[in-house]
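Chemist: Okay, handing you the structure first.
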Amino acid sequence: MKPYIGIPLVFGLVYRAWSRKSLTPLGLVVAGCSASAHALHPWSAPVALLAVFYFGGTKVTKVKHEIKSRLTLSATGAEGGEGARNHIQVLANSVVATILSIAHAMVLARTTDTESCFSLGQNAADILMVGIVANYAAVAADTFSSELGILSKSKPRLITSLNLREVPPGTNGGVTATGLGAGLLGSFIVSATSAAVLPFCASARLKDRALWTIAMTIWGALGSVLDSVLGGLLQASVVDKRSGKVVEGSGGRKVLIHPSTGKPVIPADSTAKATGSIHNAAIHGTQVTKIVDESQESRRLETGRDWLDNNGVNLLMAATMSVGAMGIAQWFWGLDVFELLHNLDEQGTPAKMATEEEREMHVRVAEPSVSFLPETETSKTVTYDLHHSDLLPVYDYVSREYLMTGVAVANSYCTRLLLRCPADPHKFSGLVITEPSHLWGGTTIWRLINRWLMRNGHAWLEVDSQAPAAIDQIKNVDPERYKDMHFIPCRTLEEFSSNIPSFANAEELWDNYRIFKERWWAATLQSPEILVAASHALRSGQLGIEAERVVLAGLSQTADLIRKFIVESRHFRLPDGCAPFQGFMPCQCDAGNPLPDLRDAKIIEILGEFELIYIKALYGGSETPPHRRPDSSSFRLYEVAGMSHRETRYLSMADKKRLSVVDLEGAQWSTFANSFVYHALFDAMNSWITTGVAPPRGTTIDVDEFGEIERDEYGNALAGVRTVHTDVPTAKIIDVTPQPHPHWHTGTEVPFKDVKLWAVYKTVENYRRQAGEAIDRQVEAGFLLPEDAEVLRRDTIEQVSF
C-alpha cells in the first residue's frame, strides 16, 4: 500500500479505537504496530481485512450491550460484557496474520511488478495470502458468533458434551443456531472483502472469485466451531453459584474458581436447571430470585479444564485455521512449500547486495553491427523447409535477411539473421521468438507456432549461431551471397555427420549422439554470445522493429543448446547490462538434470511421450526421470501424452514427399496436434512475462518404478497434458515408429476399426459429445486456445463416423 494511504489509515484506525475507548493504552500501541505491518504490504488487502474485522467486531460488540452485560458476570463481581480490549487480545486475533503479511511482503519484494497478483495457486506465495484471509475469516466468525450468539432465544448447548446438554449463556463451548449463523455472516464479510480487494491475476474470472469467497466463508465459519470445541475442552468456564451466571475474566484472562479458598472443584449438577430462568431474567431486565446458600463456595467449574485462558484459545484457533488453510491450499494447488521457504530464506541477504554480487559475475557482450542483406534476381535467401512461408502474404508479414558482425570469445564473427515480422511495424506486438538454426538446418519451432505468431502480430528470428551448421548449410550453399560469414575455425558439419550412422537402432543412435554433442559444443563456443547479440539487435531497432520481449526457444538439438545456455551462459548480458531474454522454452530434447530457477526470466520446458522413452534409454529407468522438478514462480514443466518428436498432422510438401515412401504396415502418420499445444503454451509464456499471469501448473506423464510409461486400456499414456486425442481416442498412438532413422522419431497411430469405435462409444453422437467435452476441458486447463479448438472440432470430431 502507498505510504500516503497507509499512514493516514493506520492513524485513523488507532484514533477511532482511542476515541471509542475500545482498546487499552498498551492495546493501542500493539494495534498500531500490527496495523502498520499490514499497511506496509504492497497490496491493500491485508490492512483492508484488518480494518473490516475491527469495524465489524466493534459493531457487533455494541449490539444490545446492556442485555449482554446482564447475562454474565465480571470476575470483579460487576456485570459482564466486553470492555476495552488489551494488547494480549489484540495479538491473539492478529499476530498470525501480521507474521504472514510480513512474510508475503518479503516474497513480493523479490518479484517483478508483473508477478504481483494473486494467481489462485500458480505461485507458491499464494499460500501465505490464504493464511491471512483464513485468519481474519476465522476470528471474525468467532467474534460474531460470541457477540450475537449469546442473544439467542434458545438455550446454548455444550458442543463437547455427548448429549449436548444445556449450559448458561457465555459458557465456553456453548453453541446456538443463532451463533453459528452469526459466525457464518462474519466469515462471509471478511471473505467477500478479500475477493473484492485482492489483486487477482487477469485470468481470474468472476466464477473463481465466487468459489474463493464460498471456500473461505465455510473455512472461517469452521473456525468459530473449532474455537467452541477448544474452549469447551481447554478453558475453564466458571459459574457463580448464587446467580447461575458465567464469570468472565478481565481482558480474556483466567477466572479463579475459588477466589477465597483452595478447595477442590465440585462439579455442577444443577446449573443447567437454572439456565433458562437466568437467560429469561436477563432478557427481560428482572432479577433471579433463587440464591444459593452463601455459606457454600461461591463459584464452580461448569466445563473444561483450566489449561488456557480465552486469549490462548483464540490464538490457538487462529493459528490452526491459518496453518490448516495453507496446508489444504498447498495440497489442492499442488504447490511446493519448500520453494516458499527458500524464497523467504533468501531474504537474509538484501536484494540490492545480491544484485551487486550478481553484477560482478555478469559479462556484457560486445555491441554487434547489423546490415540488411537484400534479395536480387540472382541472390536469394537460403532456407531449409521454412514451413508455411507461403502464408506470409496472407497475414501481411515480410521476411528480411541480415548479416550481423561482432566479437565473441575474443574472436570476430559474422553470421546471418532471418526475421519474420508484420509488414507494418505498428502492428508488431513487441514479442519476438528467437530460434537458433538446427544443426541439420531448419527451424522446428517456426513450423509449430507460425500461425499463432502471425495472427497475434508477434515476430520470429532465426539465428545461425552454430558455426559448423552455418558454414555448411548456409555459406557453402551460396558462397557469394554469404561470403562474409565466418566464425572461429572448426570442424565442418560433414565431418560431424560422418560420426553418426545414417541408419541405426534407437539405442545406438542415442549413444553416438551423446559423444557427438560433446564435440559439437566445443565447436560452437561463440554461439551463446551471438544469441545475446541478436537480442540486442532486436531491441535496438537495427532490424526495423524494437522488441520489448524476447523469448529464446528451440526443439530437439536446439533445445539442448538452450538448456546449456540456461545452465552455463546465463551470466551474459546485453551491452546495457540487462538480461537478454525474458523467457526460455527448451522443447522436446533428451533433457538432463533439472533446470535452475532464474531471477530475471521464466522457463517453460516441454517434453513429449517420445522423449520420455529415450530419456529412459539414455539415463536408465526410474520412477523419477532426472529432468523433473517442482513448479516455481519462474519454472514450469509439461509432459504431453501422445506427442511424438515431430508433428505429422500438418506436413510440408517436402515432408509429404519424403514420408510417402515409408511402409507403415497398416498404421498411419499421427494426427496428434502438436502445434495446438505449442500455441497454448507459447501464449501462456507471453502472458506470464507481460501480465504476471502464471501458466497452468506443470504436469507429468505417469511412469512406473522402472521408468516405463503407464498406459490405459487403449495403449495410450496416462496423466500429463491431456488432449482430445488421448482422452477420447480413435486410435492407438505410437510415438516411436518401428522404422529406421530418420523416420523412427515421427509418430504414427493405428486407427480403431468401426466395430471398436461402436463398442467404445455406441453412437457417433456420443463420441462427438465426449470429444467436445474433452476439448472444453483442454481449453479450460490452458492447453488449447479457443481458435484452435474450433479447428479440432471441424477437422477431427466432425470427420469421425462409424
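Each residue's number is its place along the chain shown, starting with 1.
Even glycines carry a Cβ here, placed using N, Cα and C.
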Chemist: TrEMBL tags one of 10-36, 172-198, 550-576, 658-684 as transmembrane segment - which one?
Modeler: 172-198
Chemist: When TrEMBL marks a stretch as transmembrane segment, which of 313-333, 397-417 is it?
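Modeler: From TrEMBL, the annotated transmembrane segment range turns out to be 313-333.
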Chemist: From the ranges 43-61, 119-137, grab the one TrEMBL calls transmembrane segment.
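Modeler: So the range that TrEMBL calls transmembrane segment is 43-61.
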Chemist: Give the nonlocal contacts of the transmembrane segment (172-198) in its own chain as ranges (CB under 8 Å, at least six residues past its ends).
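Modeler: Residues 43-45, 48-49, 52-53, 56, 60, 118, 129, 133, 136-138, 140-161, 209-210, 212-214, 216-221, 223-225, 228-229, 231-233, 235-237, 303-304, 310, 313.
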